[in-house]
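Reviewing the structure listed below.
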Amino acid sequence: MKFKKKNIYWVSPTKGVESMGCGLVKEFPCKDIGSIIDKITPNVSTIINLMEGVYRGNFSYLMTNFVILFKGEGRDKTIIDLEGRQRFTLCTISDIHFKDLTIKNGFGNAISGIFDGGAIYAYDSQIHFVNVALIDNTCSASGGGIFLYNCYFNVEHSLFQNNTANSGGGFILLLSASNITNSSFLHNRVFQEGKGGAIQVFISFMSIELSLFAYNIAPYSGAIDMVGGNLTSKYSKFIENHSNIGGGFGLYFISNVIFESCEFIGNRANSTGGLSFLTAQSMLRFSLCIFKDNFAPNCGIVESHSISPLLFESCSFTGDVPTAVQIALYDNYCFLKVQNCHFSEIQGVLMYADSISNIIIDSSSFTNVSNRIIDVGNEADILIISSTFYNITIDEYLVSLSNGNFLAYNMDFNNNIVLALIKSSVGGSVTIVSSSMSNNYVSTSLISLSNGYSVYIENCEVKNNTGLFKGCFIDTDHTGSETIVQSLFENNRSPFGPILYFSNPETMLSTNYSSNFRDILFSNNFAAYSGALVYFSQNVSLPNISCTNCIYDNNTAVFGELVNSAFYSFNVSITPVIYPFQDLIIEIFALDFFGNLVRGTSDLGFFAIPCSDAYVEGNLFAVLNENGSAIFSNIKLSSNPNSICNLTFLSVPIVSENGPITIPITFSYCSQDRELVMIKSIYYCLKTIKVTSFVKFLVGTLAAILLIILIISGFISLKYRKKRVIRYSNPLFLCIILVGCIIFLITIPVLFGSTSATCKIRFPIIVIGSCLVTSSVFIKQFRIWRLIKDIQLLRETNVENKYLLKFISILMVIPIIIVICSFFIFPTHEKYTFNQRDITITHYCSDGSYLAYVIIFLVYQMAILLFGCYLVIVCRKFRSIPGTFNEATYIGILIYNYTVVLIVAIPLAYVFNKNPLANFLIFSISIIVFVLSTIILLFIPKFHFLLRKKVIISSLEKLIKEQEAIVQRNKDILYFYDMYLAEERTGIQQQQRQGNLYNNNSLGRSISSNTRKRSNNNINNNNNNNSFNMTGFSDSSSTISNPNLTSFTSSPSSLNSSSDSDSTPDFNDPNFLEYYNERVKNYGKRKSIEKNKINNSIPNSPKSTTSLPTSLPSSSSSSSSSSSSSSSSSSSSSSSSSITPKSNTPILSPSSQSSKTINKGGSGSGNSSSIPNYQNIKSPNTPKSNKSSPNLSIPVNKNSKVSKLSSNQISSPKSIKSDKSPITIKDFDNSSDLSDSSNSLKSDSSIGSEQFNEKVINRIFNIHQDKKVKTTKQQSDSTLSSIGSDSSPNFNENINNPNINPNNNNNPNNNNNNNNNNNNNNNNNNNINNNNNNANNNNSDTDDSSPNFNENIEKKNVVKTKTNFLNQFHQKKQKDSDNRKNYNISPINISDEKVPPLSPINLSKRK
């Protein structure tokens, strides 16, 4: 506004003065505005320049016909503070302008209810605000900042903030006009029940542009309240205004409001109309607006009660704020149009109408909404044109109408997961044209219709939709009509009826409507249960479905056809004739209206109601399964045979259209494998439990095979009864065993069934068969034990048939008594037991005394067999010689087997007596094992021995060769030991020349008690070898030839001691001592004879030959006697071998040496020690004739732990220890100084060339010299160790022949053996005499000894150097090598390891 003629005044609260001439110039301003107002002339334009400062004082100016411009220097500089007690002005018919200033803290009281406004009250005036701030003004009535009545109010770039009133917090416009541009209304407030937190308009016109309304609060209409008038708002924002109703604005009484390009964000209402509330024909239009997060519990955006249109054009709706409805139409004839809008992420029902309303949606899109889009009722009409619904996931219907009409054209429903797209009820009509529905997941169907409807579908595509629970496209109760033309249905899936799903109507409306299809293509539609296209649920009325020009392509249902219905009727399948208590299987088939099975469902059940005179057991209710049938299983009916019972069947919860079904059942007699039994007035047909035919056939076949084997075994035993292997086993014994086994096998067919006859004879047969076998075997084992005992006591050992039969008769007394009692006195009878649960009956054999029979029989058998086991243990160490049949071993195993079988079988058979199959298998398997073990252990080995005689002889020959190798190996080891005892031999030879060799007292002292005891045991064992044994045998005609052996004869001795037994004679035994003394007395007499024989056999023996002793010590005599005894017994009782060397072969024999007494350092007496000497006697002039050559006999005894050599050949150096010699065998065994040397000696078990490590010999020589020096200092106090002492090993145990038997002459069974022994003794005595003669000749030339190893070591004064020692050793070994070549025995290879001990010769070893 321009002032042509104006008055200008200046006012300054700080520089102004109070004078008459003030204010006319800027330099002399007035201090108070009121002084200027008094000077102003009405209707004269006046400018009042308000200089910087805060103006306070008394205002409330009354201005009429004033034209004034209040101009300040800025809103922050020029401030009019009304101090909360006054208004600034009350103006009428004036034109007041405010610019660049702030008016605050105004307060207005209503004057007679007319004058309101906290800062300004204007009437018939014009008020202009330019860059004005109206702040913190309050009015007790209306218009917290300004009240305008019939005024024009222009606002530019101004601020209304924190103004309060009972209504119109910012200002009130009454019958006025206002233009607001670029202004802000912030935090204005209305109290009590007022309206319009920022502006209240009464029948006025207002235009708002580029303004902001934010955070204004009022009970109603949070920002703008409009009662009549027009409001146009452009490019403005309404943000977070708050009220109870109409959070942004409220329109009442024919208001017309247009918002263009506005934003409505976060406006809230406590009740409804979060953004706007419309009543009374108010029209609201939004164009290009944005709605976001507006909220109210009932209606979030607009609630309309106006019949005027509500229009949304090109708007966007977003916001995830929970609310019931976004846009609501509550009055009749409301109209809503949504055009080209986009809705996304909206909660609550988007559009709701509960009355006769019209909703039009044109070219809009809906996505990601969380509730229904349209929900209308009461004849509301919905028109959707060219709109899309996609990516919506809700558990609601997208469009729901009740008694309304739905029309859609060019609509797309894609990728939605909803309860249904369209829900129409109560007479609704649905018309869809040229639309598409694809890739949707629906819980019920795409279109759900009920309670009177009509649906028309034309030119639509329904593809790839999935129905989750019912159908897929249309779900209807068949109370309306369906018309579908020129459409495509492809790849739709649902459990039932993908195209049409007819459910049961909820009302009594007629279902006589038609379903018409024309020009339809049905392709690849699929039903997971029934109805590939159409399905009728629950009760079905007469369907009237027609399809004209329809094409069906690959439409399938898992449990149905193209058209199926729910349950309609059922049929019953049952056996009309049954026997009492038969397992009855009843099957019911559920059918649909079209006669197809109702499959794929289990919501139907059936009851069976029996007749009153029959007994019923089982479940009388069955549930329909997926294959369309219900089965009653485990039902048992029982009644008197030839009676009839009626069974009635009915369905629940759906009653069949045909009603219940009754079927008669006839009872017959039992079948062949069952027995009729009445228990507690109930008839049962019980199944007989018995052994299956297959088991009978299998076990019977095995028994027959065993019977054939037994017969063949008996035939072979009789045919070869004169053979020693059969004869020694006693053919009668074998026949009794065969008879017992055959009787035992007869039990198996008796066990096939339990009848009175089989029960009576079953137990006696078992007792007789088993006792015959076990008693015979026990008597055999007992006789073996007695045989061993008789041999030890030198009694009669022959076994006679009479003896066998006598004891079998004795042992069979108790079994015969048991048989008589169980067969005649208290026989077992057939009994039975039944199982009502399994409907079975079991026959078994039992009696009151049955358990007593079993216990007595078991105790008796166990007593015999356990005693037999004891006898087996006692006799376990007795084994047969190689090449003989050891029957005792097999008898022992057989007794063990019988014991185990009877211990296991009898108790188990009693426990399972009432189980036919188990009882039969236990008995049958036990009998088969019993008989089979008897055949395997008693007959097969004998037949095998008969057929494999040559193989056994070859095995023996190989065994003897191995023993020869061990003998030669022991000889070489003894040679090695002799090298370190050579020094001691010189002293011993001197003692021999003094005649101390025959000192019996020293010999007696040298023999240990343990040696004597072991010798006595071996004597007894050898007595057993000389005895006859019926359990062991060998072929007397078989002779094993060997190039190195003269002869080998097997003897039938089989009960020999084990290989672990000792063979040294016991010198404490009086029998042995008496025999020993007798041999010593006769030794002198034989000496001359032996000397002559030796001279005759070696006439040209040179003097240089090593001399043999002229006489032997007691130990040598004893050994000679033992050797003689062993040689004599080798032909009759034990296996021995004789090696006959060639004519020029040197003879290996021990040199008899006398003991020598050594006194050193005074009168102390020395101890005597006897050390044998082992030499190879080379006789180059010995004739080649075998008769004149002395024989080297190596008797072999299988009882000894090591090889047994006669004392004429080998004496042990291990039992000799001299105080003069620093090295003994004991030293080698125990000395730590020699441990390295011992460990460096290595023995090779193979027979090859002999080698020695000189490093080992050097170490041994050095240790020998060191120990000699040490022992020389202790010679005066040392004593000689006795021969065979307990502290050192006694080699006499290994070489003493244990075959000396002083009681041989007293045994009448051994007369022949004694004669043979005497002959052998004579031969051995001749050999001894020859050896003694050689020894005498050699002794006579001892001083003139030949240059051999012994002559060199006799020179005491010669210093023994290492070189001499090695030379002597090599000379000695060279002679040994030559001797072995003459005997055809390869030398032993001795390497750097420890020298092994003497290896035992064990003839008990067998392949």
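The backbone N, Cα and C atoms fix where each Cβ goes, glycine too.
Here the repeat 'PbH1 1' (93-118) returns a mean pLDDT of 86 for the predicted model. Annotation source Swiss-Prot lists repeat 'PbH1 1' at 93-118.
Counting residues 6+ beyond its ends, the repeat 'PbH1 2' (129-150) has Cβ neighbours under 8 Å at 74-75, 82, 84, 97-110, 113, 115-123, 156-176, 178, 188-190, 194, 200 in the same chain. Per Swiss-Prot, the feature repeat 'PbH1 2' maps to 129-150.
Sequence annotations record features per position, and here Swiss-Prot assigns repeat 'PbH1 3' to 254-279. Applying DSSP to the repeat 'PbH1 3' (254-279) sorts its residues as follows: 0 helix, 19 strand, 7 coil.
The annotation repeat 'PbH1 4' is assigned in Swiss-Prot to 452-476.
Annotation comment: Swiss-Prot describes 697-717 (among others) as transmembrane segment.
The transmembrane segment feature in Swiss-Prot is assigned to 732-752 (among others); the stated evidence is sequence analysis. With a cut-off of 8 Å between Cβ atoms, the residues of this chain six or more beyond the transmembrane segment (732-752) that come close are 691, 696, 699-700, 703, 706-707, 710, 713-714, 717, 726, 758, 761-762, 765-766, 768-773, 776-777, 779-780, 801, 804-805, 808, 919-920, 923-924, 927-928, 930-931, 934-935, 938-939.
Residues or ranges marked as transmembrane segment by Swiss-Prot: 759-779 (among others). Through the fold, the transmembrane segment (759-779) approaches residues 733, 736-737, 739-747, 750-751, 804, 807-808, 811-812, 815, 818-819, 822-823, 827-830, 845, 850, 853, 857, 861, 864-865, 867-868, 891, 894-895, 898, 902, 923, 930, 934, 938 of its own chain, all at least 6 residues removed from its boundaries and within a Cβ separation under 8 Å.
Same-chain neighbours of the transmembrane segment (807-827): 736, 759-761, 763-764, 767-768, 771-772, 775-776, 778-779, 782, 847-849, 853, 856-857, 860, 864, counting only residues six or more beyond its ends whose CB sits under 8 Å from a CB of the stretch. Annotation source Swiss-Prot lists transmembrane segment at 807-827 (among others), citing sequence analysis.
The annotation transmembrane segment is assigned in Swiss-Prot to 854-874 (among others) on the grounds of sequence analysis.
The transmembrane segment annotation in Swiss-Prot covers 891-911 (among others) and rests on sequence analysis. Long-range contacts of the transmembrane segment (891-911) within the same chain, counting only residues at least 6 positions beyond its ends with a Cβ under 8 Å from a Cβ of the stretch, are 770, 773-774, 777-778, 780-781, 784, 851, 854, 857-858, 861-862, 865-866, 868-869, 872, 875-876, 919, 922-923, 925-926, 929-930, 933-934, 937-938.
Beyond the transmembrane segment (920-940), the same-chain residues lying 6 or more positions past its ends with a Cβ under 8 Å from any Cβ of the stretch are 691, 695, 699, 702-703, 706, 709-710, 713, 716-717, 734, 737, 741, 744-745, 747-748, 751-752, 766, 770, 773, 777, 890-891, 893-894, 897-898, 901-902, 904-905, 908-909, 912. The transmembrane segment annotation in Swiss-Prot covers 920-940 (among others) and is backed by sequence analysis.
Residues or ranges marked as compositional bias 'Low complexity' by Swiss-Prot: 1005-1029 (among others).
Here Swiss-Prot flags 1041-1071 (among others) as compositional bias 'Low complexity'.
Residues annotated as compositional bias 'Basic and acidic residues' in Swiss-Prot: 1084-1093.
Sequence annotations record features per position, and here Swiss-Prot assigns compositional bias 'Low complexity' to 1099-1147 (among others).
The compositional bias 'Low complexity' feature in Swiss-Prot is assigned to 1154-1246 (among others).
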With Cβ-Cβ distances below 8 Å as the criterion, list the same-chain residues six or more beyond the ends of the transmembrane segment (854-874) that contact it, or say none.
767, 770-771, 774-775, 777-778, 781-782, 784-785, 811, 814-815, 818, 891-892, 895-896, 898-899, 902-903, 906-907, 910
